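To keep things clear, I will list the structure first and then write my remarks on it.
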């Protein structure tokens, strides 16, 4: 019987090139999302506040991609409520109706004296 040469060792896989980091995203021109939300609520003529659905329609009209920014819109609204910029007239969390919060009278008087 003829002797067979041992099979050659399988070729090593070529080394993977290190992944390149993507370029950092450029900052978006224009006002930030919370500023857009406050402006939209301020423009609203609704007496009982502006609903979240109506707010998203206004933001879509101003060029915000609502489907991509949905989570950021909800968190921005809840943060504005906790800060006291917006007041929630109906609902809980990010749902319901929102309007601009009134300044407490003590702060308005104090600010008037400083001027």
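Including glycine, each Cβ sits where the backbone N, Cα and C put it.
Copied from TrEMBL, the annotated features are:
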COMPBIAS  1-16  compositional bias 'Low complexity'
DOMAIN    29-102  domain 'H15'
REGION    1-34  region 'Disordered'
REGION    87-115  region 'Disordered'
Report task. Take the domain 'H15' (29-102) and count its residues per DSSP category (helix H/G/I, strand E/B, coil), listing them in that order. Result -> 39 helix, 11 strand, 24 coil
Query raised in the report: Taking every residue in the domain 'H15' (29-102), what is their average pLDDT?
Result: 90
